[in-house]
Amino acid sequence: MDEMLFVGPTGRRVPAVTAEEMRAVDRVAVEEVGLDLPRMMEHAGRGLAEAVLDRRENGPVTILASNGGNGGGGLACARHLANRDLPVRIVLDRDPADIDGVTAEQLRILKATDVPIETGGGGSSFDVDAPLDGVVVDALIGYGLSGAPRGPVAELVDAASDAAGTVVSLDVPSGVDATTGEAPGAAVDPDLIATLALPKTGLAAVSGDLLLVDLSIPATVYDRVGVEYEAPFGDEFAVPLSRA
Ligand SMILES: NC(=O)C1=CN([C@@H]2O[C@H](COP(=O)(O)OP(=O)(O)OC[C@H]3O[C@@H](n4cnc5c(N)ncnc54)[C@H](O)[C@@H]3O)[C@@H](O)[C@H]2O)[C@H](O)CC1
Ligand SMILES: [K+]
């Protein structure tokens, strides 16, 4: 627990958490402190959008999203980028009607805008075999990965892997186990990973620049979970990390 695998901008060691520890942090934040999921997801989406704006290239921004917390952050990011007139499109792994929970709240907002929402995995306007140009945002799976990517998610992971431009993964590259860094099947190989709140232990074993995005989780949450924590953000809301 609390392996010091990462270093922040001031040279300070930043602890890493396993997926299980991060789930415990989430649970305490929501149930004991009242920092609910929509609030954290908004920070995730904005931090991700700032990372994309920093690395922006000509061409569209394609946001690949599934039905979890990771996808919800991707959808919040899409809103920020579209509000800045970037040519954004969303590709879901499933029919929009099958998105639920907090992620569906994010989707509902986007449906009121003119951001195109497509569905990957056959039978839709999105051609999974056409190369993706511009920036690709990988918001398919975060620390909720269970086994090798399957079905339409696997096809979208492959599409991100074949992309010519910059690929930015949210929290963890989709297909990579957040705790071990191992990939049980296909996995995204991003240029940049915008990881949330604390780095995940598995990120020590994968390539890609690392940016740590603040979710505004108070230190008491980490205390209650037993994660040794010193706020790594200083005066910033996102800081680059290097691997120790
Ligand atoms: N405090 C925080 O760190 C917060 C993080 N957030 C983000 O939420 C995700 C974790 O969300 P969760 O809903 O638990 O899981 P995921 O989104 O990672 O994945 C669920 C999604 O993926 C599908 N899936 C899982 N395994 C597979 C597979 N092998 N093949 C195909 N599909 C798979 C599953 O069916 C679901 O659809 C975390 O990483 C952060 O990005 C919150 O936004 C805020 C708090
Ligand atoms: K991801």
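The backbone N, Cα and C atoms fix where each Cβ goes, glycine too.
Model, not experiment: these values are computed from the prediction.
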K(+) site partner of ASN70, ASP138 according to TrEMBL, chosen from SER161, SER174, SER207, is SER174
For the (6S)-NADPHX site that TrEMBL gives as GLY69, ASN70, GLY71, GLY72, GLY73, GLY142, TYR143, GLY144, LEU145, SER146, GLY147, ALA148, the extra residue out of ASP95, ASP98, ASP100, ASP171 is ASP171
Expected list for ligand 2 (Cβ under 6 angstroms, binding-site residues ASN70, ASP138, GLY147, SER174) reads ASN70, ASP138, SER174
Here the binding-site residues are ASN70, ASP138, SER174, and the Cα closest to that of LEU145 ((6S)-NADPHX binding site) is found at SER174
Near ligand 1 by the Cβ criterion (under 6 Å), the binding-site residues from ASN70, TYR143, LEU145, SER174 are ASN70, TYR143, LEU145
Across all protein chains shown, the binding-site residues GLY69, GLY71, GLY73, GLY147 give the max Cβ-within-10 Å count at GLY73
